[in-house]
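Reading through the structure tokens given below for one structure.
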Amino acid sequence: MSDFTSGFWSWYVAGITLAGVLACVALLWWTHRMNTEVKPSDSTGHVWDGNLTEQNHPLPRWWVFMFGISCVFALLYLALYPGLGSFRGTLDWTQQEQHARELQAHEARIAPIYAAFADQSVPQLAGNAEARAIGDRLFMNNCAQCHGSDARGSKGFPNLADGHWNWGGTPEAILETIADGRVGMMPPMGEAVGSAQEVRAVANYVLGLSGAAHDAALAAAGKEKFMQVCAACHGESGTGNAALGAPDLSKGIFAHGPDTEAHVVRMINEGKTAEMPAWKDRFSPEQLRVLAAYVWGLGGGVAPQR
């Protein structure tokens, strides 16, 4: 409510809010002055269908008192906290500042826990039961939504436990991926490859690299085009390039679909862009290292660099 572009709207909202509360007070006062004497018959005299009568039962006193207390509470709240246009309240409270204080207190509580891991490398943390337990909770709360609770991924989200890493599976590479994120982009290459038949030929050559079901004649015809168009990123042997995030096609692992001609043809023609968000603004450096250790220790990690 503090982002009004003109003072008019702030006063407008504040006026309507106060008018609503004061209207409730006025209604309570007006009804209190009304003659609510109960007739001997305890009926208002209104009858429907011959036997349905409207009874005259005034509101119980406790309800009236609660109504009045609610009005008083509303006025006190609006005086202390934000609620009247751009007025911040006499306590000058904001939910952002409260969240920041609570986050700071939380970080102070967990700092000693992570301090115990400061001198341990990522592989050492992967072998530390306490660090792995913390990493497991971080993963479940932040990563499992995409990669699955077992870290084996799903369509469009890579398996983190199979040893197949587009951007490298060393502790250093995994830590960099989590901290800075990744953007993988396979451009549409249909026009560069040529005709629809040539695209099919390249697709079958790609399938043949991993031994997947393919047409051998088409694969043989597609090798030359693969070398001309695709090898610059995926390598002449199709084993990929971690520096570019180009996947290893010889393993037959396709994150975005099955190992079929139709899927590979679609990928060649349409391309694909996928993003792994950066987490360095959400996690502390210590948390990033613990999470990287957990992912590296899932079973698919590559030996650390020397």
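Including glycine, each Cβ sits where the backbone N, Cα and C put it.
Noted in TrEMBL for the protein shown:
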- 12-31: transmembrane segment (TRANSMEM)
- 62-81: transmembrane segment (TRANSMEM)
- 130-210: domain 'Cytochrome c' (DOMAIN)
- Cys143, Cys146, His147, Met276: heme c 1 binding site (BINDING)
- Met186, Cys230, Cys233, His234: heme c 2 binding site (BINDING)
- 217-299: domain 'Cytochrome c' (DOMAIN)
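Annotated features, which come from TrEMBL, shown on the structure.
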| residue | record | contacts (Cβ under 8 Å, 6+ apart) |
| --- | --- | --- |
| Cys143 | heme c 1 binding site | Ala151, Leu291, Val295 |
| Cys146 | heme c 1 binding site | Gly153, Ser154, Phe157 |
| His147 | heme c 1 binding site | Phe139, Gly153, Ser154, Phe157, Pro158, Asn159, Leu160 |
| Met186 | heme c 2 binding site | Met267, Gly271, Lys272, Thr273 |
| Cys230 | heme c 2 binding site | Met189, Val202, Val206, Gly238 |
| Cys233 | heme c 2 binding site | Asn241, Leu244, Ala246 |
| His234 | heme c 2 binding site | Gly240, Asn241, Ala246, Pro247, Asp248, Leu249 |
| Met276 | heme c 1 binding site | Thr177, Gly181, Arg182, Val183, Gly184 |
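Mapped onto DSSP helix, strand and coil, the domain 'Cytochrome c' (217-299) counts 43 helix, 7 strand, 33 coil. DSSP labels the residues of the domain 'Cytochrome c' (130-210) in these numbers: 45 helix, 7 strand, 29 coil. The residues near the heme c 2 site, meaning same-chain residues not in Met186, Cys230, Cys233, His234 whose C-beta sits within 8 angstroms of the mean position of the site's C-beta atoms, are Met189, Ala231, Ala232, Ala246, Leu249, in sequence order. The maximal spread of the heme c 2 binding site, taken as the longest Cα to Cα distance among Met186, Cys230, Cys233, His234, is 11 Å.
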